Ligand SMILES: N[C@@H](CCC[C@H](N)C(=O)O)C(=O)O
C-alpha cells in the first residue's frame with residue numbers, strides 16, 4: 001500500500017489516497033502504522049476519499065487507531081495533499097466528521113475554515129470549547145514549565161470529561177504578541193507538537209476571557225499558526241480560520257503490518 005507523510009507545524013500524519021475505497025485496516029493496524037518504533041510514526045492517519053458534492057472526504061484516525069473527531073492540522077495537511085494530487089487548486093470544499101469545510105490554498109500556507117463555535121464554558125477555573133474536537137483551555141504564566149503529559153492525562157481521564165469520551169487539554173500562556181500553546185491530545189495520549197482545533201479553542205477563549213482580538217498569532221512547539229475569527233463570546237464565533245503551513249515530507253510503500 002502506497003502512503004504519504006505530511007506535517008503541519010509538527011503535527012504529523014500518514015496519508016492514504018483512498019479514492020477507490022479499498023482501505024480496510026482496523027484499529028490495531030492503524031495504531032501499528034502510527035507507532036514511532038514499529039511503524040511509520042505519526043500523530044494520526046488520514047484517508048482522502050471520494051464524496052458526492054464535495055472535492056473529497058476527510059477520514060481521520062488518532063495514533064491509537066480510533067476514529068478521531070475533527071483534526072485542524074490534519075485538515076490543512078489533507079487539503080495540501082488534495083492540491084498535490086491536482087484534485088483542487090486555489091480553493092476547496094470538503095466534508096469531514098464535523099461537517100463541511102472550505103480552505104484557501106497558497107504555496108506557503110493553508111487557511112482552513114473551522115466550524116462555528118456557539119459558546120465558551122467556564123469549568124472550575126478553566127474553559128472549554130468545542131471546535132470540532134473537545135478542548136479544555138487552561139491559562140498559565142509559564143507554559144514551558146507545565147507537565148503537559150501528566151496534568152493533561154489527569155484532566156483528560158477525569159470524571160468531569162469521562163461521560164463525553166474525554167477531552168484534549170491545552171496549556172496557554174499569553175505572550176506580548178499572541179499565545180504560546182502546548183496540547184495534550186486525546187487519542188495520541190501524549191503531548192503533540194501542535195494541535196489545530198486546540199489552538200483555535202485557545203484563541204477564542206483568549207478573546208472571550210482576556211480580550212485578545214483577531215487575528216491571534218500562535219506559537220507551538222512545532223511552529224507558528226494564526227487564528228482569524230468574527231463574533232464574540234456573547235453571540236458566538238463564526239468565520240473562524242486556522243492558518244499555517246502544511247507540507248509533504250516523504251512518500252513510500254507499506255511492506256508489512
Ligand atoms: N491534532 C488535531 C486534533 C485531533 C483530534 C483529537 N485528538 C481528538 O480526537 O480529540 C488537530 O490538529 O486539531
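Just so it is clear, glycine is given a Cβ too, placed from its N, Cα and C backbone atoms.
Unlike curated records, TrEMBL annotations are generated automatically.
Straight from TrEMBL, the features:
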type	residues	note
BINDING	11, 62, 72, 73, 168, 185, 186, 196, 197	substrate binding site
ACT_SITE	71	active site, proton donor
ACT_SITE	71	active site
ACT_SITE	195	active site, proton acceptor
Cβ-centroid neighbourhood (8 Å) of the substrate site, 11, 62, 72, 73, 168, 185, 186, 196, 197 excluded: 43, 44, 68, 71, 74, 133, 183, 188, 192, 195, 198
Length of the line joining the Cα atoms of the residue listed as 'active site, proton donor' and residue 11 (substrate binding site), in Å: 10
Collapsed DSSP category at residue 197 (substrate binding site): helix
Integer Å distance between the CA atoms belonging to the residue listed as 'active site, proton acceptor' and residue 168 (substrate binding site): 9
Largest tally of Cβ atoms lying within 10 Å of a Cβ, found at which of the active-site residues 71, 195: 195
Cβ neighbour count (within 10 Å, all chains shown) around residue 72 (substrate binding site): 29
Under 8 Å by Cβ from residue 197 (substrate binding site), same chain, sequence gap 6 or more: 69, 70, 71, 72, 114, 131, 132, 133, 135, 168, 242
Nearest-integer angstrom distance between the alpha carbons (Cα) of residue 195 (active site, proton acceptor) and residue 11 (substrate binding site): 7
Neighbouring C-beta atoms (10 Å sphere around the C-beta of residue 11 (substrate binding site)): 31
Span of the substrate site, taken as the largest CA to CA distance across 11, 62, 72, 73, 168, 185, 186, 196, 197 (Å, rounded to a whole number): 15
Assigned conformation of residue 11 (substrate binding site) - DSSP reduced to three states: strand
